[in-house]
Amino acid sequence: MHSSQATADFMPDWAAIVAVILGASAFSVAQGITYPLISLTLESRGVTPAMIGLNAVGFAFGLAASTLLLGQLTARLRTDKLIIVSLVGCSLCLATFAATTSLPVWFFARFLLGFFASLIFLLGEAWMNAACPDRLRGRVSGLYGAGICGGFAAGPLVIPLLGTEGGFGFALTAVYVALVAFATAVLTLSTRTTPEASSTRDVFVFFTKAPLLVAMVLAFGFSDIAAISVMPVYFVKTGHSEAFAALSVTALALPTALAQPFIGMALDRLPRRRVAITMAGIGAIAFLVIPFLTSPVAILMDFALLGTASFSLYTCALTMLGEQYRGGMLVAGSAAFSLAYAVGSGAGSGATGAVMDLLGPYAAPVGVGLVMLCFTAILARGKTAKA
């Protein structure tokens, strides 16, 4: 059923798997809190929207920097230790937001936050694949995806309780991430696996060896950011309330989190590429039918299906990465996925917004749907690379 690249069966390294899911889920909660909290806090201090946007770019630069320095970092420190250091680094960055109001310091802290966050995810995903036998890979990837989605969805719900004044939200989140770093360190005492070191060159080699896997993450980034950043604007422009637009994001995130373990079960029982093609097709259709839906309930149900299908592409890609590659290429593949998501999300928000401005609001979901339909055809016709 699956690739011959899959290794012989072995006992899963549950301590490593739990450590990875715990770390990624924890930082997803932190991101869900800090993304809007940073923007709201800066806005309340009179910072211009352009400067707020530029601050967010600092996070993206941090993501890119960690990817480019990947080889040097993994050569100097074991990857499991790098994850712990990165969690501690994230905690210190969050504490910095609570301790000072200096805008230049916030820019630097945002850059470092992106740097450490990238390492948590790309090294953690490689470690998870190294620790997991192929017979469980889909289900474990599904649980990992559920943790990330659930964290992002839960984070913003805490903001009304924490408020945006005084830095309390940042301080509490910093303590939370520090506790997770401690728990991760304890778990590593009983782990049996660790991903091998990789190099920056391997990242770019991976792009040529696994273009379809990279394209899956690119398509996920494109459709995901279009759904959560542009579609709420579409809803307002087509006569829905701002409250409905905000509700649409929750309707997308929560079902997506709940569905990922079931997608993982399908990946362990069915041909994995067929699951990916099906999810891409469902995502395309879900975007294309939005302009024809009038009932708010139908729109939210379609949005839940859309989010599930879109994120499932990432779950599929992560599972197929572990199935087809070993050693340092696991880290390289995760890093390539990070870059692909960054490019896809940038293109998704920019292109969809531009199409909406030029051709009207209905062009946004139709445009994304057509892009996803083209990707589905490419995925169905393409050949899977061998490790």
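Just so you know, glycine gets a Cβ as well, placed from its N, Cα and C.
For reference, TrEMBL has these:
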DOMAIN    16-384  domain 'Major facilitator superfamily (MFS) profile'
TRANSMEM  48-70  transmembrane segment
TRANSMEM  82-99  transmembrane segment
TRANSMEM  105-128  transmembrane segment
TRANSMEM  140-162  transmembrane segment
TRANSMEM  168-189  transmembrane segment
TRANSMEM  210-231  transmembrane segment
TRANSMEM  243-263  transmembrane segment
TRANSMEM  275-293  transmembrane segment
TRANSMEM  299-321  transmembrane segment
TRANSMEM  328-347  transmembrane segment
TRANSMEM  359-380  transmembrane segment
Taking 3+ C-beta pairs under 8 angstroms (sequence gap of 6 or more) as contact, is the transmembrane segment (48-70) in contact with the transmembrane segment (328-347)?
yes
Looking only at the domain 'Major facilitator superfamily (MFS) profile' (16-384), mean pLDDT returns 85
Under an 8 Å Cβ to Cβ limit, what residues of the same chain, 6 or more beyond the ends of the transmembrane segment (275-293), are close to it?
216, 219, 223, 231, 234, 263, 266-267, 299, 302-303, 305-306, 309-310, 312-313, 316-317, 320, 362, 365-366, 368-370, 372-373, 375-376, 379-380
At a threshold of under 8 Å on Cβ distances, which of 105-128, 168-189, 299-321 pairs most often with the transmembrane segment (140-162)?
299-321
Take a look at 105-128, 243-263, 299-321, 328-347, 359-380 and tell me which one has the most Cβ pairs under 8 Å to the transmembrane segment (210-231).
328-347
Out of 105-128, 168-189, 243-263, 359-380, what stretch is closest in contact terms to the transmembrane segment (328-347), meaning most Cβ pairs under 8 angstroms?
105-128
